[in-house]
Amino acid sequence: MSLPTNPTLCVLGCGTMGRAILSGILDSLNVAPANEPPTLIPKKFIACVSGEESAQRIKEEFNDKITLLVGNNVEGVKEADIILLCTKPQVVKTILTEEGMQKSLENKLIISILAGVTIDQLKEWAPSSTRIIRAMPNTPCMIREGMTVLSCPTDCSKDDRSFSIWVFSTLGRARILDEKHLDAVTGLSGSGPAFACVVLEALADGGVMMGLPREVGLELAAQALQGAARMVLKTGKHPAEIKDSVTTPGGCTIAGLLTMEDGKIRSTLARTIQEATQVASTLGNIQSKK
């Protein structure tokens with residue numbers, strides 16, 4: 001079943017990431033598109049939350065742009081054509097199998113951002129007519145600098161695929177990969193901002209140790225990381241090429257780089273992603289035990 005031209009979008013579990021996605025979509029609809037506008041444009045937005053605290057945040061941020069439902073997931077899904085699944089992984093089975101939910105999900109599209117919960121698992125808890133796409137965004141989506149990787153089943157329709165890519169493109173970059181890669185994506189892209197902040201803080205600490213004020217050290221470190229990352233993305237150059245371009249013989253950069261190598265920073269960071277990926281692969285297991 002294809003999507004209507006102006007679908008209704010329901011964010012199920014509208015927490016931090018759910019609000020960021022809604023904000024990105026609404027902002028994109030309020031400006032003239034730089035490229036070809038999306039074929040499908042949502043006409044109505046529903047946010048489903050479980051508590052009054054979350055509800056208050058949504059009211060303050062979106063006013064009357066969003067239909068807000070508290071403790072009534074079934075009604076929100078019933079009214080929607082597309083469900084953006086943003087709940088916690090450990091409660092998704094309970095939510096999708098609550099009374100009345102199965103009928104409400106018939107012929108709908110679910111876009112899940114739940115780490116570790118597979119498409120096959122979601123299919124077990126949803127009607128056979130429900131289409132499912134997985135997406136793994138990261139927290140920089142909140143400032144439109146996010147990275148989202150989506151996985152679409154082989155029978156995914158063009159409309160479902162293009163709409164999903166458009167949604168996350170409003171928050172930064174988006175690309176498609178096979179689902180087998182999503183645990184690694186979670187470990188690298190999902191957890192990566194946290195790891196980058198540790199590196200950023202350590203660089204700033206070095207500046208403070210050498211006499212810089214704390215706020216200056218943080219600004220310089222943050223801009224250095226942002227600038228290096230943008231150089232890689234915009235020029236397409238390998239990081240090693242950019243590194244070598246600022247590493248002069250006998251200079252301060254090579255002295256610092258050798259210190260990093262003494263600390264085995266390359267293998268430590270690579271092993272960090274390996275460990276995070278392994279943990280990500282277990283996040284869906286809690287569902288299969290219930």
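Glycine too: its Cβ is placed from the backbone N, Cα and C atoms.
What TrEMBL records for this protein:
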{"type": "BINDING", "residues": "LEU12, GLY13, CYS14, GLY15, THR16, MET17, THR39", "note": "NADP(+) binding site"}
{"type": "BINDING", "residues": "ASN73", "note": "NADPH binding site"}
{"type": "DOMAIN", "residues": "9-116", "note": "domain 'Pyrroline-5-carboxylate reductase catalytic N-terminal'"}
{"type": "DOMAIN", "residues": "179-282", "note": "domain 'Pyrroline-5-carboxylate reductase dimerisation'"}
Which binding-site residues from the set GLY15, THR16, MET17 come within 10 angstroms of ASN73 (NADPH binding site), judged by C-alpha positions? none
Most crowded position, judged by CB atoms within 10 A, among LEU12, CYS14, MET17 as binding-site residues: CYS14
Could you tell me which of these binding-site residues, GLY13, GLY15, has the greatest number of Cβ atoms within 10 Å of its own Cβ? GLY13
Go ahead and report the DSSP secondary structure tallies for the domain 'Pyrroline-5-carboxylate reductase dimerisation' (179-282): helix first, then strand, then coil. 86 helix, 0 strand, 18 coil
Whose Cβ, among the binding-site residues THR16, THR39, ASN73, has more other Cβ atoms within 10 Å than any of the rest? ASN73
Give the maximum pairwise CA distance in Å, whole number, for the residues LEU12, GLY13, CYS14, GLY15, THR16, MET17, THR39 listed as binding NADP(+). 27
Given the model, what does the mean pLDDT over the domain 'Pyrroline-5-carboxylate reductase catalytic N-terminal' (9-116) come out as? 88
